[in-house]
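Peer 1: Before anything else, here's the structure in question.
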Amino acid sequence: MTNLRKTHPLMKIVNSSFIDLPAPSNISLWWNFGSLLGVCLIIQILTGLFLAMHYTSDTMTAFSSVTHICRDVNYGWLIRYLHANGASMFFICLFLHVGRGLYYGSYMYLETWNIGVLLLFAVMATAFMGYVLPWGQMSFWGATVITNLLSAIPYIGSDLVEWIWGGFSVDKATLTRFFAFHFILPFIIAALAGVHLLFLHEAGSNNPSGLSSDADKIPFHPYYTIKDILGVLLLILALTSLVLFSPDLLGDPDNYTLANPLNTPPHIKPEWYFLFAYAILRSIPNKLGGVLALVLSILILAVVPFLHTSKQRSMMFRPFSQCLFWILVADLLTLTWIGGQPVEHPFIIIGQLASILYFLLILVIMPITSLFENHLLKW
C-alpha cells in the first residue's frame, strides 16, 4: 500500500514541499534563511495575536494598553519584546536572504524573485504600521513624516494624505486603520510566501555553483530538515538572548514618551531596518525626488534580473563581481549608519555619495564588470 503522505490530498502537498522534495546536494547555510523567515512569520503572528487580545487602538488608551501588557498581563513583557525584536530578526533574515539571491543569481527565477520583492514591500509596510501602534513620540512623528511623503505626488498628493489619515492629521482614525492593516497584512504575507514557494518548486532550488543540479539531487527530509532545525535553534537563541538581556537595544527611547503633537523629537528616525532607505530619502533635497529614490531603492531589485550580463549565473567564480557585491554591502551599512545621524555636515555629503554609489553599483558598474568578466573567459 502506498504511503498515506503520498496519496492524501493535503499531506501530498506537504510531502512534495518539505519531505520528498528533490534538493541540490550542495546548498550552503545561505539557503537556511527561507525557512527562518517562515519561523519568524509564525512567531510574529502568534505573539501579535496575543498582543492584540490586550491592545486597544485608540489614541487615548493605546500607550496605556501597551504599558498594561508589560506590567499586568502574564508574561506580557515577554510577548511584547518577542514581537518587537522578532521584527528585527525578521529583517536580518530578509536582508541576508535577498543578499544570497543577489550573490548566487537566484533572481533568474523571475516569478519567485518578483513575488519576493512584493513580499519585501509587504513586510516593510507591516513593520512601519506596527511601529505606529504603541503611540509613543517616535510612533506619532514617524507616521506623520512618512505618510506626509505622499503629498509629494503631483495633483492628488495632499488629498491622498488626508484620505490615509482619515482627517487633517495623524489621529484616532489613522491609528485604528493602521491596527486593522497591521493585523491583516501578515496573513497576506503568509499567502504570498506560499505562492513564492510554489514558483520556487516549479523550477527547483538554485545552488552555490549556479549550475543545474538535476544530476545530483537528495531528498529534503532528513538532510535539510535537520539543517533547518539547527538554523531555527540558532535564531531562537539569538532572539531570546536579545529579548531577555537587552530588549530595548534596537528601540528608540523617545517611544517611551506618550505621543505629543505639540512637541517634535529632536531627531525623527525610523527603526534600524529602514535607516538605509531613510538615508537615501534624505540625501535628495527635493521632496518628490527623495520619495522616488526611496521607492526605487527597493524597486531596483525587480530590475536586477534584466541587468544580468554575465555568462555565469552565480558570483562564485567571478572575483570582480564578488568584490563589487561586498562594496555594495559596505555601502548599505554606511547608509544605515547615516540614516541614524542628524542632518548636518559631514553626514549629508556622506549620505549623498553613498546613495549615488548604491544606484551606480547596481545599474552601471556591476553589469559592465560582468561583461568584462565574460571577456576574461576567452583568454
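Any Cβ shown, glycine's included, is placed from N, Cα and C.
These came from Swiss-Prot, pasted as-is:
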{"type": "TRANSMEM", "residues": "33-53", "note": "transmembrane segment"}
{"type": "TRANSMEM", "residues": "77-98", "note": "transmembrane segment"}
{"type": "BINDING", "residues": "His83, His182", "note": "heme b b562 binding site"}
{"type": "BINDING", "residues": "His97, His196", "note": "heme b b566 binding site"}
{"type": "TRANSMEM", "residues": "113-133", "note": "transmembrane segment"}
{"type": "TRANSMEM", "residues": "178-198", "note": "transmembrane segment"}
{"type": "BINDING", "residues": "His201", "note": "ubiquinone binding site"}
{"type": "TRANSMEM", "residues": "226-246", "note": "transmembrane segment"}
{"type": "TRANSMEM", "residues": "288-308", "note": "transmembrane segment"}
{"type": "TRANSMEM", "residues": "320-340", "note": "transmembrane segment"}
{"type": "TRANSMEM", "residues": "347-367", "note": "transmembrane segment"}
Peer 1: Does His83 (heme b b562 binding site) have same-chain partners at least 6 apart in sequence with Cβ under 8 Å from its own Cβ, and which are they?
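Peer 2: Those within reach of His83 (heme b b562 binding site), by Cβ under 8 Å and sequence separation of 6 or more, are Gln44, Thr47, Gly48, Leu51.
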Peer 1: So of His97, His182, His201, which of the binding-site residues has the fewest other Cβ atoms within 10 Å around its own Cβ?
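Peer 2: Looking at the binding-site residues His97, His182, His201, the Cβ with the fewest others within 10 Å is that of His201.
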Peer 1: List, by number or range, the same-chain residues at least 6 past the transmembrane segment (77-98) whose CB is under 8 A from its CB atoms?
Peer 2: 30, 33-34, 36-37, 40-41, 43-44, 47-48, 50-51, 66, 69-71, 116, 120, 123, 127, 130, 235, 238-239, 242-243, 247, 250-251, 271-273, 301
Peer 1: Among 33-53, 113-133, 178-198, which stretch has the most Cβ pairs under 8 Å to the transmembrane segment (226-246)?
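Peer 2: Between the candidates 33-53, 113-133, 178-198, the best contact partner of the transmembrane segment (226-246) is 33-53.
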Peer 1: Do any residues, 6 or more residues outside the transmembrane segment (178-198), come within under 8 Å Cβ-to-Cβ of it, and if so which ones?
Peer 2: 17, 37-38, 41, 44-45, 48, 52, 55, 57, 112, 115-116, 118-119, 122-123, 125-126, 129-130, 132-133, 143
Peer 1: Looking only at residues six or more beyond either end of the transmembrane segment (288-308), which have a C-beta under 8 A from one in the stretch?
Peer 2: 98, 102, 105, 107-108, 110, 113-114, 117, 120-121, 124, 149-150, 152-154, 276-278, 280-282, 355, 358-359, 362-363, 366-367, 370
Peer 1: In whole Å, how far does the CA atom of His97 (heme b b566 binding site) lie from that of His201 (ubiquinone binding site)?
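Peer 2: With distance taken Cα to Cα, His201 (ubiquinone binding site) is 17 Å from His97 (heme b b566 binding site).
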Peer 1: Under 8 Å between C-beta atoms and at least six apart in sequence, can you list the same-chain neighbours of His196 (heme b b566 binding site), or say none if there are none?
Peer 2: Thr112, Ile115, Gly116, Leu119
Peer 1: Using Cα coordinates, what distance in whole Å links the residue listed as 'ubiquinone binding site' and His182 (heme b b562 binding site)?
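Peer 2: The Cα atom of the residue listed as 'ubiquinone binding site' is 29 Å away from the Cα atom of His182 (heme b b562 binding site).
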Peer 1: For the residue listed as 'ubiquinone binding site', what is the secondary structure state per DSSP, taken as helix, strand or coil?
Peer 2: helix
Peer 1: Going by DSSP, give the three-state secondary structure for His182 (heme b b562 binding site).
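Peer 2: For His182 (heme b b562 binding site) - judged by DSSP and reduced to three states - the answer is helix.
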